[in-house]
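Input: a single structure, listed below in structure tokens.
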């Protein structure tokens with residue numbers, strides 16, 4: 001993230017801000033219940049991604065039913081996950097990864113640990129995909145094929161939690177729980193391998209790099225990670241839910257997130273009328289109007305300018321001003337329209353003051369459309385979790401403005417993303433992700449392994465082909 005110094009003449013900006021508030025006071029909406037309506041647009045959407053090859057199912061009357069598999073599967077999977085040696089195996093994997101955090105596309109040791117553990121339990125895999133990614137395969141090798149995904153990368157954060165397995169790498173930390181994601185998926189691999197003769201198809205386990213930065217999911221898709229796959233699921237630990245509580249919802253779960261950087265320059269360097277400062281000030285105000293005056297009040301959106309750089313000379317008018325920020329929205333229509341309108345506003349307002357502007361949206365680095373859960377896949381996760389853990393351990397999760405590159409999988413396959421609660425005050429697991437004090441309750445690891453395994457095995461049983 002950029003953390004610039006602000007060097008602007010404040011008088012024009014304050015005047016414009018005051019005038020804008022008088023003429024068009026902002027309005028705010030906290031309603032998140034109306035996301036996937038088809039919003040008519042007066043211009044084409046600027047989506048850099050192809051439309052999903054299937055219609056995302058967000059309103060289905062399919063009833064929630066119990067699995068047709070043997071009723072003993074629940075007890076067997078939970079017992080396998082909670083055996084002392086299995087718990088130790090998963091915890092050791094998580095702790096080793098936590099001690100050796102690696103940033104996006106640098107997950108060399110993490111990837112090696114994954115492959116070593118897969119070798120240990122006799123699971124085959126492909127490597128590398130997306131530089132450091134691994135795709136393991138368990139089952140018959142025939143359809144149906146279902147995928148489970150875990151992300152592997154850490155964050156550039158100095159860990160401040162004092163415990164035995166604290167990060168050994170200065171300035172790097174698993175502050176978002178990806179170490180736990182990998183460990184739980186390895187635990188699921190161990191369970192599924194043991195039950196391989198019961199699988200009615202094939203499970204692919206995706207160990208993905210670069211979720212935090214670098215759009216690793218998109219690179220995994222480009223390298224063929226989803227070949228033959230017909231549905232995909234993934235989990236994220238959450239300190240907002242109590243330990244072992246599973247949470248999800250159908251429809252939009254995570255917002256789309258994009259960043260932008262605009263360079264505003266004078267069109268004619270010899271002109272005395274060009275005003276980059278005035279242009280930038282007007283742009284900031286106009287961008288706020290995109291939400292307060294143009295957005296559907298039932299479709300939550302955010303545009304925030306967090307950086308402005310001009311000059312550190314009080315007596316000079318700068319030839320160039322750089323500003324940047326972020327935008328978020330819950331529906332694909334709103335997300336891509338917001339992206340288009342941001343560019344239009346910056347370019348048009350700059351011209352008013354004799355300037356020209358260019359806008360970069362970093363679409364190859366950090367451009368995440370909304371994550372939308374397919375209705376049937378969401379119900380599948382809920383059924384598996386409720387059958388495995390009981391209805392008291394399942395919550396309907398609210399949508400949040402965070403984002404995830406799992407969205408790239410959801411754009412091409414039916415999918416569902418869900419949370420696994422790790423909040424436990426006695427274990428110090430109370431801080432949100434990306435905090436230097438982030439900690440998880442390790443007692444959740446076997447539960448996460450069992451839920452992953454149950455989702456995959458149950459999906460194959462319910463979608464088995466003749467001869468599987």
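Cβ coordinates come from backbone N, Cα and C, glycine included.
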| request: Figure out which of 236, 452 sits with 176, 178, 212, 434 in the Mn(2+) site per TrEMBL. | output: 236
| field | Tertiary neighbours of residue 212 (Mn(2+) binding site) (same chain, Cβ under 8 Å, six or more apart) | value | 103, 104, 151, 153, 154, 155, 176
| task | Go through 178, 236, 434, our binding-site residues, and report the one whose Cβ sees the most other Cβ atoms within 10 Å. | result | 178
| field | Per DSSP, three-state class assigned to residue 176 (Mn(2+) binding site) | value | coil
| field | CB-centroid shell, 8 A cutoff, Mn(2+) site 176, 178, 212, 236, 434, site residues removed | value | 151, 153, 155, 174, 175, 177, 211, 433
